[in-house]
């Protein structure tokens, strides 16, 4: 059982060397359940289907998560009206952000969890809007987070450290702790800034916790955080480390991560990591000195539970979800079939290389790698829906780049 009593804050926990377990992926999980639209990936489900969002929060809490991130990924006003999205006009960004905060707080109060208000990269930045304009967008979300009194703030899912720094500077105005994660790999951000330099810039901007999230698999994210740590040490700048990777294997992706893979987003299932992969990830992250350990897209509650179970010796307790889960498959000793009972042991699962079950499935893919980033014509955003001619042009370009 988790400790009882008054909740300690994020920095109080991290400064004491405690492990803070983040939650998992919401947009992918809720898209598969029928509550989020793939493409815009916006979080209007917080208003339209609050029971679905609430239930997913509860499952992550039961699995051992110490943090309930508000379901505010891509909840900036410009994203909610981008390319024909109806949310900004019919619901409003303020209502989405407020509802997400209320749901996260309700569930966090059911356990030893903190509420984190989150912002992410914006269409405005990709369209080369000014620093003042982009910061104004973040500030609208921050106003809601302050009103709802979240426990700390996260700037997550940024491909460019420049925009992430702008977000951190705005979030620091609240006086609350700020964490910041980039969706980058070992090659650095899309402007070529190294992971080490990215970490230093984020920390100097005011982030108390820095790291990575999304776009890459667990072990790639650990490699990136290692470079961040080295950069911080070299610059003599202090910050806690965090990592919230994908739950997909991505050894073949390029600099932009899994969104470059041909399977994104509807055919990623063969790449899903096992719970045993997550045991290894949690241990590697802990040994590196990372103390905020969670997940992003593809991370389901059973992945979060694997983190909590792997680090139970350090934390001193198991999550409630472990009541129905035997350690390293030990519950299989109750199975009716003897060959399945024989799998009730750690070394079996650690040594197993899972098969895909697809005879003609390649082990690797060729990333699309269009190489576009901020300022490119194809990334300039618009309020109007994508036109048929724009799609025809993109289809033609895809054919050329695939040959």
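Backbone N, Cα and C define each Cβ position, glycine as well.
Between the candidates 214, 221, 361, Swiss-Prot assigns the Zn(2+) site shared with 296, 297 to 214. Cβ proximity to the Zn(2+) site centre (mean Cβ of 214, 296, 297, cutoff 8 Å) flags the following additional same-chain residues: 25, 28, 157, 183, 213, 215, 244, 245, 246, 295, 298, 299. In the three-state DSSP reading, residue 214 (Zn(2+) binding site) counts as coil. Listed in sequence order, 24, 25, 157, 213, 214, 244, 245, 246, 247 are the same-chain residues six or more apart from residue 296 (Zn(2+) binding site) with CB atoms under 8 A from its CB.
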